[in-house]
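Let me begin by presenting the structure, written as structure tokens, before commenting on it.
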Amino acid sequence: MKRMLSGIKPTGRLHLGNYIGAISQFAKYQDEYELFIFIANEHAITIPIEAKDLRKNTRDLIALYLACGLDPEKVTLFLQSDVEAHAKLGWIMTCMAYMGEMQRMTQYKDKTAKGEKGVTAGLFTYPALMAADILLYDPDFVPVGQDQKQHVELTRNLAERFNHRYSDTFKIPEPLSQTVGQKVYSLTDPTKKMSKSESNPRGTIDLLDDPAQARNKIRSAVTDSLGVVRYDPQNQPGVSNLLTIQSVLSGEPVEDIVARYEGKGYGELKKEVGETVFTFLTDLQARYRKILDEKIVDKVLEEGAARARKIADKKISKVYRKVGFTI
Ligand code: TYM
């Protein structure tokens with residue numbers, strides 16, 4: 001069975017972009033692959049976050065993962081900080097990476113270009129830790145949204161560099177993205193991705209948003225003045241974004257939805273997408289609350305960490321021998 005691994009940062013609440021770009025894929029893959037999914041809490045502190053918020057986000061995230069259909073019997077679900085090998089290999093990868101290649105990472109560049117104050121060294125070296133997260137488990141594939149592909153490319157380069165310098169140690173992973181929903185855009189500015197840091201709450205649909213409010217956000221989504229329902233991300237980003245959301249949540253191919261809307265306007269499309277999102281969130285949140293009530297999160301994490309450690313500890317021992325730490 002091929003192996004797959006991915007992670008998500010517990011910063012802020014999860015939104016529809018995270019679901020469509022990442023979590024919905026994980027649930028699909030759990031039957032076909034040996035799947036490792038972790039909460040990237042060490043990455044979360046690269047920007048300031050209160051301990052109580054980090055704790056709450058982490059718990060919510062696990063419960064949401066489970067509510068989205070991840071089955072802990074099939075998937076190894078764990079916290080990054082529960083497996084010490086991540087931080088250990090993270091340091092070694094930091095020492096494998098060049099300043100120049102880290103400076104080229106667009107996520108870091110975007111943050112610094114905005115002139116944000118207090119950008120930490122951790123935010124800069126973040127991709128090296130991400131490389132460690134991946135390489136510890138020798139996955140064949142890393143399913144991520146478009147914004148993370150560059151980090152997976154860097155991971156490949158660091159793995160090749162290490163293998164070349166110290167002999168074959170890491171498998172070279174492939175990034176994997178679905179064709180629809182690689183990127184979900186803001187509802188208020190469909191040229192920007194839907195993101196946790198978006199300042200206008202009407203642009204983002206959180207998975208824990210009140211479903212009726214979420215429906216309203218879809219109904220007031222920014223579109224264009226062309227008035228024809230077409231999938232054309234270049235010229236009609238707002239409408240295309242709605243089509244993506246509808247397609248992923250309903251399972252109906254985009255072309256079929258477009259065909260159904262021949263001669264119809266945006267109002268009807270927004271109504272349908274609004275209803276789809278409403279039902280999706282209502283069902284998801286009911287499952288989420290049930291999982292929190294059942295208090296199963298701790299057990300899932302404990303078992304997940306034990307399984308992950310078995311693999312990661314073996315790999316880090318091998319790496320320590322190769323770099324000369326074990327004498
Ligand atoms: P994070 O937490 O920002 O996002 C988690 C996943 O959601 C995807 N995503 C989106 N997909 C579509 N449309 C959007 N608007 C959107 N916003 C986010 C992201 O591409 C990602 O797949 N560095 C990672 C976490 C990480 C990781 C890893 C991932 C740490 N180590 C190892 C994979 C493997 C991050 O910040 O993702």
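Cβ coordinates come from backbone N, Cα and C, glycine included.
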Segment assigned the feature motif ''HIGH' region' in TrEMBL (from 10-18, 163-171, 262-270): 10-18
Feature motif ''KMSKS' region' in TrEMBL, mapped to one of the ranges 28-32, 148-152, 193-197, 223-227: 193-197
Rounded Cα separation (Å) that holds between Met194 (ATP binding site) and Asp133 (L-tryptophan binding site): 25
Binding-site residues near ligand 1 among Lys9, Thr11, Asn18, Lys196 (Cβ under 6 Å): Lys9, Asn18
Segment-level pLDDT (mean, integer) for the motif ''KMSKS' region' (193-197): 85
For the binding-site residues Lys9, Lys196, the one whose C-beta sees the most other C-beta atoms within 10 angstroms: Lys9
Site with most surrounding Cβ atoms, counting all protein chains shown within 10 Å, from the binding-site residues Thr11, Asn18, Gln146: Asn18
For the motif ''KMSKS' region' (193-197), distant same-chain residues with Cβ under 8 A (at least six beyond the ends): 11-13, 15-17, 147, 183-187, 203-205
